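Peer 1: Before I ask anything, here is the structure I am working with.
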Amino acid sequence: MSLDSRLPAFRNLSPAARLDHIGQLLGLSHDDVSLLANAGALPMDIANGMIENVIGTFELPYAVASNFQINGRDVLVPLVVEEPSIVAAASYMAKLARANGGFTTSSSAPLMHAQVQIVGIQDPLNARLSLLRRKDEIIELANRKDQLLNSLGGGCRDIEVHTFADTPRGPMLVAHLIVDVRDAMGANTVNTMAEAVAPLMEAITGGQVRLRILSNLADLRLARAQVRITPQQLETAEFSGEAVIEGILDAYAFAAVDPYRAATHNKGIMNGIDPLIVATGNDWRAVEAGAHAYACRSGHYGSLTTWEKDNNGHLVGTLEMPMPVGLVGGATKTHPLAQLSLRILGVKTAQALAEIAVAVGLAQNLGAMRALATEGIQRGHMALHARNIAVVAGARGDEVDWVARQLVEYHDVRADRAVALLKQKRGQ
């Protein structure tokens, strides 16, 4: 049975009713549903094995974004995040996108760089040539360290050698092992290979190896998403669709040329991506580092997305960025909710997960720019933030929605106002 990711009136249900609906829709087991329904999904013994000095666990809201259709397949997207409006915006933009076939995605092979720094070299150019002449020997040695990866079709594929003739510490070489890590994020794999080949590289060059470490600029491991939106889909009561498109294009141009704006623009993209990375137990710091480094690849920090108008006057958005995520290893395997997230997504490869991530990032970027180009970011965001303010003020149950409605109606979304409203409702 194919999944329909549209969830009409889903937000009006209670959390328990939402979970029941998702459980039935996806055919989740009783144990899966219990993981989400009850606190303590991460047992203390597992948490204690993940990091050091554990004294407890920390919970964040776990939601699903609806309406996503990616390469013709409907997907419910688990998102773990504390900020209001992210899930709503992504879901609404996905609803607009699906009217034109949803998101189209693709990705390159899961190739990661392992860097080996070699210092103390008097003739870097000749040392570089010496390494390249013995490339096959180096690759063969690296691949001896992970026979399982080789059996799965992965392994070290190539080496590159970069020379830096003038550094604060004199000339140096940096060799890159190019490793196909298959469905792993790949950090441990490539680090092990880098350490394995270090003695051989020292012998070949006569230099001294210092750092042996992966690079988080995974610019060979790219994922891409594209979306097309018609003017009719973007029109509001106050703005024509054409006017909204022009506003979005101006907003994009701002991010393309101004790093101050680009930083916030790209943060909005990561608002969609990071919650999925967290939900699947992947390393969101690695994804963030790669994203912002990639945004500087031209020598100027700019927008990760591009937006343009096609010959039919439709808005076309594209996001291409590094996406080093995995399905095996680390918290992805140890955290029970990370495993459940992968089952909800229905992904079988790391590349499929990467493509969903960039689709969500593109949707989030569209939502932010649409708001900025029309009503401003605060109107919609603060309406959703009002519920959070109500909870902070002490509202419970039905009080939350009542206080939030009052805050929004009078355009006064502040904690002290929420406290006053709550006292009023309780007759205090």
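Don't overthink the numbers, they just go from 1 along the chain as shown.
Every residue, even glycine, has its Cβ placed from backbone N, Cα and C.
Feature list, courtesy of Swiss-Prot:
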| type | residues | note |
| --- | --- | --- |
| ACT_SITE | E83 | active site, charge relay system |
| ACT_SITE | K267 | active site, charge relay system |
| ACT_SITE | D283 | active site, charge relay system |
| ACT_SITE | H381 | active site, proton donor |
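Walk me through the surroundings of each of these features.
Peer 2: Sequence-distant contacts (6 or more apart, same chain, Cβ under 8 Å) of E83 (active site, charge relay system) comprise N271.
DSSP assigns K267 (active site, charge relay system) to a helical segment in the three-state reduction. The Cβ neighbour count for K267 (active site, charge relay system), using a 10 Å radius and every protein chain shown, is 14.
In this view, D283 (active site, charge relay system) is surrounded by 19 other Cβ atoms within 10 Å of its Cβ, with every protein chain counted.
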Peer 1: Cα distance, K267 (active site, charge relay system) to D283 (active site, charge relay system), nearest Å?
Peer 2: 16
